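*Asks:* Okay, here's the structure, questions in a sec.
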Amino acid sequence: MSWIEDPAFTADEPFGPQTLPYGVLPGGIAVRVGDQALLLRGLALGERLGPLVATGTLDALLAAGRPAWSELRARLVEIVSAASAPRGAELAGLDGAVLPFTVADYVDFYSSRHHAENVGRIFRPDGEALLPNWTHLPIGYHGRAGTVVVSGTPVVRPHGQRRTSAGPVFEPTRRLDIEAEVGFVCGGPVASRLTPSQAVDHVFGVALVNDWSARDVQAWEYQPLGPFLGKSFATSVSAWITPLEAFAVARVSPPPLGNDVLPYLVEERPWGLDVDLEVEWNGVVVSRPPFREMSWTFAQQLAHLSANGATVRPGDLIASGTVSGPARDERGSFLELSWGGKEPVVVGGDERTFLEDGDTVRITATAPGESGSVVGLAEVVGTVSPADER
Ligand code: CA
């Protein structure tokens, strides 16, 4: 029996000892243990590990690389599994978690075939649903690191330019949407030209991402260069980063692309992940997107983004792209769920298409862990605030 007495700290709960995600609370770096957190500042972790967790951010730990990550995780498993509280152990509540690392670069991919086909059909009804490059490379764009915010941060309805029959107007968006995604937090030495198997050692952990999107702004601005102001106003991430090591059992092969890929994108053993997402809109579950349906893995995404010599550095956040499955109730955006606003979604008795002021969206996820346990990804939640006055 662990000295941590918490009904949520068991192997069949998402934040049991098999998960131990890292976050930053007012008391410093912590790992989540059920519905509370273990602060690391007072623990005797030694000369090598101690300084990595003595600050108010995960930055030093991210930079330290895989051997330090593994050593620290093994040590923490020992500590939380002990029968009596080790010296310096201090538990805290989960309130007040901040963005736990400095986001270096933010890249957003587009790796769900179902999402790409749905968006293609909605935005380009007369064209091919999937563009010809999609099965040959992980499509992505460079996003805006400075507006990545921690779960719980209110999302102000953005202004933007949209097209009307009388010409463009600048107003608060009328089509505010979500994108349910899985994010990969990078670390280790600065590197480029990674193979997929090398790329894995540059991923510290996994978090949920909500890539808030203004669809009317996006539809007008995105051609020919892709997303810009329709995406950059806010991107929310979980407050707790689940270490990649917790996902060993969840590893699966992604669905086939239907063609060979070039050698630099070939994975010996693929890094698809069997993660089940759940999207709640004002407390009502409206979708359960399956991450195992993603066609490109994070290892291929990192190999691709660094293939031209571009660097991967600690704090880079790599988002998967909207996770959508083949069924209607597996779609990871309201654009798809409402089919471009034409098929409203019933949310607690109300018919909805896009987000209204005051709406709250919460995304959670779980994956299979060792010995039948459940590995959790911490929620990413956000509530829409009205647009600014001007
Ligand atoms: Ca996205």
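From the backbone N, Cα and C atoms, a Cβ is placed for every residue, glycine too.
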*Asks:* Out of THR10, THR322, THR353, THR360, which is the one TrEMBL records at the substrate site of TYR110, ARG124, GLN218, TYR222?
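*Replies:* Matched candidate out of THR10, THR322, THR353, THR360, per TrEMBL for substrate with TYR110, ARG124, GLN218, TYR222: THR322.
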*Asks:* Among ASP211, ASP216, which residue does TrEMBL annotate as binding Mg(2+) together with LYS231, THR235?
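*Replies:* When TrEMBL describes the Mg(2+) site, the candidate it includes is ASP211.
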*Asks:* Given that TrEMBL lists GLU179, GLU181, ASP211 as binding Ca(2+), which residue among ASP105, ASP108, ASP276 does it place in the same site?
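*Replies:* When TrEMBL describes the Ca(2+) site, the candidate it includes is ASP108.
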*Asks:* Got a sec? Which of these binding-site residues, TYR110, TYR222, has the most Cβ atoms within 10 Å?
*Replies:* TYR110
*Asks:* Tell me, in order along the sequence, which binding-site residues from ARG124, TYR222, LYS231 have their CA within 10 Å of GLU181 (Ca(2+) binding site).
*Replies:* none
*Asks:* Once ASP211, LYS231, THR235 are set aside, which residues in the chain still have Cβ within 8 Å of the Cβ centroid of the Mg(2+) site?
*Replies:* ASP108, GLY143, ARG144, GLU179, VAL209, ASN210, TRP212, SER213, PRO227, SER232, ALA234, ALA319
*Asks:* Between the binding-site residues ASP108, GLU179, GLU181, ASP211, whose Cβ has more other Cβ atoms within 10 Å than any of the rest?
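*Replies:* Neighbour-count leader: GLU181.
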